[in-house]
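Written below as structure tokens is the structure these notes are about.
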Amino acid sequence: MNDSQRVSILSEALPYIQSFSGRKIVIKYGGSVMENDNLKNAFFRDIALLSTVGVCPIVIHGGGPEINNWLRKLEISPKFENGLRITDQKTMEIVEMVLMGRVNKEIVKGINKTGSLAVGISGLDGNLIQSRELGDGSHGLVGEVTKINPEILDPLISKGYIPIISSIGSTLEGISHNINADFVAGEIAAAINAEKLILLTDTQGILKEKDDKNSLVAKTNLKEARDFIDKKIVTAGMIPKTECCIRALAQGVKAAHIIDGQIEHSLLLEIFTNSGIGTMIVA
């Protein structure tokens, strides 16, 4: 890349930086990006850059691969049904240990090393994420969000800290739940009136043709997104991600994005370039 191209990229980013300065962007961090050191470090730098130029990033994370690793170390077989982890009490204890004690702190340390200031919390802190059992309870301690209490986030964001939130909620009686991080991110984005919700995934975004990378839907709206589900253009694991975006938009989030976290700096490419890199859904 020559000097002229570098200047052009910075110039293209400027109006987006100005537009999103002071705005909250909720980012769900997960998938294979969490297992690749280069991708992890690029993500940490991206979050630091967003914060440095005045954007207010809030990171929600899961930790599936790391949870599975620890279950196997403890000679417990991970069990799934319809894509959801079967979570008994023993598994829940490990989920809490891994998400809050390992994954969360790794993200915090990674971002802090860049010179930015991240603070790690879980949905248990300040009753941030209230939850209940999902469905009929057949998945055990898998939960769904009933209420977000975002007050704990306000002083952190206002002082320039970057909240890093593990996707664990609890009932008012103190029963912890393992919750899908996509849906936690969507509900938090709605509760804090975020400008954007961004889901980092292992896919490009919404494809009109499943196996055709050239069929990426760069921009769509709520109605079309619902149609994609009804017409089975969106299938399998993309259904809950798209539904999560739809729900967030219906609650006032201005734009939701599904992007490929396997591409270095995909977060910046989506936010600060004209063409973006994934799928943007707007109301």
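Cβ atoms here come from the backbone N, Cα and C positions, even for glycine.
Per Swiss-Prot, substrate binding site is recorded for Gly63, Gly64, Arg85, Asn178. Residues or ranges marked as site 'Transition state stabilizer' in Swiss-Prot (evidence: sequence analysis): Lys28, Lys241.
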Tell me, if you would, which residue among Lys28, Arg85 (recorded positions) has the fewest other CB atoms within 10 Å in the structure shown?
Arg85
Reduced DSSP assignment, Lys28 (site 'Transition state stabilizer'):
strand
Looking only at Gly63, Gly64, Asn178, Lys241, the recorded positions on record, which one has the least crowded Cβ, with the fewest other Cβ atoms within 10 Å?
Gly64
Give the distance between the Cα atoms of Arg85 (substrate binding site) and Lys241 (site 'Transition state stabilizer'), rounded to the nearest whole Å.
16
Between the Cα atoms of Lys241 (site 'Transition state stabilizer') and Gly63 (substrate binding site), what distance do you get, rounded to the nearest Å?
16
Cβ within 8 Å of the substrate site's Cβ centroid: which residues qualify beyond Gly63, Gly64, Arg85, Asn178?
Gly62, Ile67, Thr87, Val95, Leu99
Based on DSSP, name the secondary structure state of Lys241 (site 'Transition state stabilizer'): helix, strand or coil.
helix
Longest CA-CA distance among Gly63, Gly64, Arg85, Asn178, per record bound to substrate, angstrom:
12
Using C-alpha atoms only, work out the spacing between Gly63 (substrate binding site) and Lys28 (site 'Transition state stabilizer') and round it to an integer in Å.
11
Let me know the DSSP-derived helix, strand or coil state of Arg85 (substrate binding site), please.
strand
What three-state secondary structure does DSSP assign to Gly63 (substrate binding site)?
coil
